[in-house]
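These notes concern the structure reproduced below.
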Amino acid sequence: MAAPSDPPTAATPPAPPPPARRCLLAPSVEPLLFLATLALGLQVPLATQYLWDRLGAERGYVGPNASSPHGCGNGSGAVDPLREEVEALVAHWNLCINLGGFFVGLFSVTLFGPWSDSVGRRPVLVLPAVGMAVQAAVYLLVMYLRLHVAYLLLGRIISGLLGDYNLILAGCFASVADSSNQRTRTFRVAILEACLGVAGMVASVGGGQWRKAEGYINPFWLVLAASLAAALYAALCLQETVKQRRAAKLLTLQHYKAVYKLYTAPEDLSSRRKLALYSLAFFLLVTVHFGTKDLYVLYELGSPLCWASDLIGYGSAASYLAYLSSLGGLRLLQLCLEDTWVAEIGLISNIAGLVVISLATTTPLMFTGYGIMFLSMAATPVIRAKLSKLVGETEQGALFASVACVEGLCSLVATGVFNSLYPSTLHFMRGFPFLFGAILLLIPAAIMGWIEIQDSNLQYSHFSDASSSPADG
C-alpha cells in the first residue's frame with residue numbers, strides 16, 4: 001500500500017552524482033608516469049648542459065662543450081686546464097644538486113609512501129608532480145634572470161620535500177599493485193616500465209635537437225607543462241585504487257616504522273628473508289643499469305668508435321627500445337615459463353650484451369651489443385612484482401616507497417662507482433666497466449635462481465607429504 005505513494009520519478013534524484021565526476025575517464029597511471037618521466041628526461045641533461053655553458057661562460061671558456069657534435073673531440077691534444085676547471089665545477093654542482101634532492105627525498109618518500117596506504121594514492125601522485133613543476137619554474141627563473149646557479153639546488157630541494165620523481169614511481173607501482181591480481185601483476189608492472197622507456201626515448205631524441213635549435217628556455221617550458229599536466233591528471237582524472245581509505249596523520253613516525261617493519265617483522269621469516277634478497281638483487285641490477293647508461297656516450301665518443309651526435313642518438317634510441325622489446329618478450333615467455341626464469345633469460349641477455357659492448361671496437365659490433373640486450377629490461381618488472389606479492393595489500397605504499405629509495409641510492413652509487421672506474425681502467429681496457437657490470441649481474445641471477453629452486457623443493461616436499469599421508473592412513 002505504500003507503493004502508490006512513491007512517485008515514479010523518485011528514481012531520478014540519484015542521477016546528479018555522475019556529473020560530479022572529475023573526468024570522463026579515469027583509466028590508469030601510465031599517462032601520469034609517461035608525463036613525469038618525459039619531464040625528468042628532458043630536465044636532467046638540459047640542466048647539466050646549462051651548467052656547463054653558464055659556468056664556462058663565466059670563466060671565459062669557449063671551447064667545445066658536452067653536447068658538441070664532434071666525435072673524438074678529445075684526441076691527443078694538450079689538456080686544457082680551463083676545460084678541466086669547468087668540468088670539475090659542473091660535476092661539483094651536479095653532485096650537490098643530486099645529493100640535496102636525494103637526502104630530502106629519502107625522508108619525504110618514506111613518509112608519503114606508507115601514508116598513501118591509508119589516504120589513497122592520488123594525493124601522493126599530485127604532490128610530487130607539483131614539486132617537479134615548481135622545480136622547473138625555479139630553473140626557468142634562473143635562466144631568465146641569470147640568478148646564481150645555487151638556486152637550482154633550491155628548486156631541487158623543494159621538489160624533494162614534495163617527494164620528487166621517486167614518489168611518483170612509488171605511487172604508480174603501488175597503484176598497479178592495488179588494481180592487479182597475483183597473476184597479472186608482473187605484466188602490468190612491465191607495461192609501466194615500458195612507459196619509462198618510451199618517455200626516455202622521446203626526451204632523449206627530442207630534447208637534444210630542440211636545445212640545439214632553440215636553446216634552453218623553450219625545452220624547459222615543456223618540462224613545466226608536462227609536470228603540470230601530470231599533476232592535473234592525477235588530481236582530476238585518476239581513479240583511486242585504495243579500496244578502504246581512512247584518515248591518517250601525515251607527520252608521525254609510524255610511517256617510517258611501517259617501512260622498517262617490512263624487513264624486520266617476525267610474523268613470516270621466510271617472506272622477510274626473500275624481501276631482503278630480492279631488494280639486494282634489485283639494487284645490483286638497477287645500479288648496473290644506471291652505471292652503464294651513464295657511460296655509453298663517453299664510450300661512443302672516444303676512440304676507436306668516434307661516434308658523432310647522430311650515431312649517439314641512434315645508440316640511445318636502441319638502448320631505450322629494450323624496454324619495448326622486453327615487454328613483448330616477457331609476455332610471450334610467460335606463456336611457457338615461470339616469471340623467475342623469464343627474469344633469468346633477461347639477465348642473460350643483459351650480461352651477454354654488456355660483454356659484447358665491452359669488446360666493441362666497431363660500430364656494427366656496438367649495435368650488435370645493443371641488439372643482444374633486447375630482453376635486458378625483463379628482470380626488473382619481475383623483481384618488483386615478486387616484492388609486491390610478498391607484502392599485504394595495506395603495505396604496498398610502504399614497500400614501493402622503500403623500493404623508490406633504493407632506486408635513488410642506485411643512481412648515486414652507480415654514478416660514483418662507474419664514473420670512477422671508467423677513467424681508472426682506460427689504460428688497459430676501455431670497456432672494463434661494462435664487463436664489471438656483467439659480472440655483477442651474476443649475483444642477482446644467482447639470488448633469483450636459488451630462491452626459485454628453494455621454493456620448488458618446498459612445494460615438492462609438501463606435495464610428497466600430502467600424497468603419502470592417505471597411504472599411511
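Cβ from N, Cα, C; glycine included.
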Report, based on Swiss-Prot, whether GLU300 and SER456 occupy the same side of the membrane.
-> no
Among GLU193, GLU214, Swiss-Prot assigns to the pemetrexed site of ASN98, TYR323, GLU407, SER411 just GLU193
Between CYS306 (disulfide bond) and HIS289 (H(+) binding site), find the distance joining the two CA atoms and give it rounded to the nearest Å.
-> 23
Out of ASP164, GLU193, GLU407, which of the binding-site residues is least crowded by other Cβ atoms within 10 Å?
-> GLU193
Could you tell me whether the transmembrane segment (149-162) and the transmembrane segment (431-449) have 3+ CB pairs under 8 A, leaving out pairs under 6 positions apart?
-> no
Outside the transmembrane segment (275-297), six or more residues from its ends: residues with CB under 8 Å to it | 262-263, 312, 315-316, 319, 347, 350, 354, 357, 379-380, 383-384, 386-387, 390-391, 402-403, 406-407, 409-411, 413-415, 417-419, 422, 433-434, 437, 440-441, 443-444, 447-448, 451
How big is the gap, in Å, between the Cα of ASN98 (pemetrexed binding site) and that of HIS289 (H(+) binding site), rounded to a whole number?
-> 18
Going by DSSP, give the three-state secondary structure for GLU407 (pemetrexed binding site).
-> helix
What is the average pLDDT across the topological domain 'Cytoplasmic' (117-120)?
-> 92
